[in-house]
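See structure below.
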Amino acid sequence: MAKPYDPKDFYYRKAKKEGLRARSAFKIDEILRRHRLLRKGQAVLDLGAAPGGFLQILADEVGETGVAVGVDLEPVRRLGKPWVKTAIVDLLSPGALDQIRTLHAGPFQLVTSDMAPKTIGVKITDEARSLELVRMALDVAEKTLAPGGAFVAKVFMGGEFPVLKKELQARFDEVHVIRPEAVRESSYEVYVLGKGLRRAAARAAPTANATPTPTSTSTSTPTSTSTPTSTSTSTPAPTLTQTQTQTPKKPARRAPAKASTAGKAKAKTGASRRTR
């Protein structure tokens, strides 16, 4: 039988003792240790970052030569590390990706999400809302991850979970389902991990870098340049030449008019053929 909910259990007290903002720090720490997802100097994006439990661990993993970006609907208190950048971002807004790219223009090697819905106690509803958040996070990951990158997200286990797993398997080389030790016994949350984002699934990772923008612009330039080329090809000069070639024929047609009656008959026959 599961233990009753205790908001101040072992991991809560341990987090407070170690200066961590949330018990979730132990969850991502375990996942990183087991799967080696980050190195110094890399870039990581944390969705639903407040209060900063994940972000504290992720920032230490990438170090001062890397970059850790955290976004949430609520403000994230500063960590005091210059390579950590945070912002208030609504992932449902059309400009969400642009906001993220102002914090880091390049692709990320890891995207994490500890987002959870406001539960109402109805399991099927809570599960459905959790899946919506994971899919929203996955959409952001596909548009910001570099090929070969990884994705970690919290989700509530339920009847539709196998469908989500198949969606991840279609995009990543490896998919793992992890239940860290710091998850409460009474909780049915797990973390899904996708490793090795396939190049075909990385829909907008190249555009996450600002560099390709001028490339696409310059590509369109030759297209406009080709317009004069096609114009010069279809220049009416040859048509005018044909018209000028036909002009001298008019006197030649008039010449038989001074000839015999038979010549006039031939001219009339030719005229009737042209009329047809």
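Positions of Cβ are set from backbone N, Cα and C atoms, glycine also.
These features come from Swiss-Prot:
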type: ACT_SITE; residues: K154; note: active site, proton acceptor
type: BINDING; residues: G52, F54, D72, D90, D114; note: S-adenosyl-L-methionine binding site
type: COMPBIAS; residues: 265-276; note: compositional bias 'Basic residues'
type: REGION; residues: 203-276; note: region 'Disordered'
Mapped onto three states, the DSSP assignment of D90 (S-adenosyl-L-methionine binding site) reads coil
Residues near G52 (S-adenosyl-L-methionine binding site) by Cβ (under 8 Å) yet at least 6 apart in sequence within the same chain, in sequence order, are R21, A22, G70, V76, R77, L79
Span of the recorded S-adenosyl-L-methionine site, as the biggest CA-CA distance among G52, F54, D72, D90, D114 in Å, is 19
The correct three-state DSSP answer for D72 (S-adenosyl-L-methionine binding site) is strand
Between the binding-site residues D72, D90, D114, the one whose Cβ has the fewest other Cβ atoms within 10 Å is D90
Whole-number Å distance separating the Cα atoms of F54 (S-adenosyl-L-methionine binding site) and the residue listed as 'active site, proton acceptor' is 12
By a three-class reduction of DSSP, G52 (S-adenosyl-L-methionine binding site) is assigned coil
With neighbours defined as other CB atoms within 10 A, the best-packed of the recorded positions F54, K154 is F54
Students should find that the Cα atoms of D114 (S-adenosyl-L-methionine binding site) and K154 (active site, proton acceptor) sit apart, in Å rounded to an integer, by 5
Cα of the residue listed as 'active site, proton acceptor' to Cα of D72 (S-adenosyl-L-methionine binding site), in Å and rounded, measures 15
In three-state DSSP terms, D114 (S-adenosyl-L-methionine binding site) is classed as coil
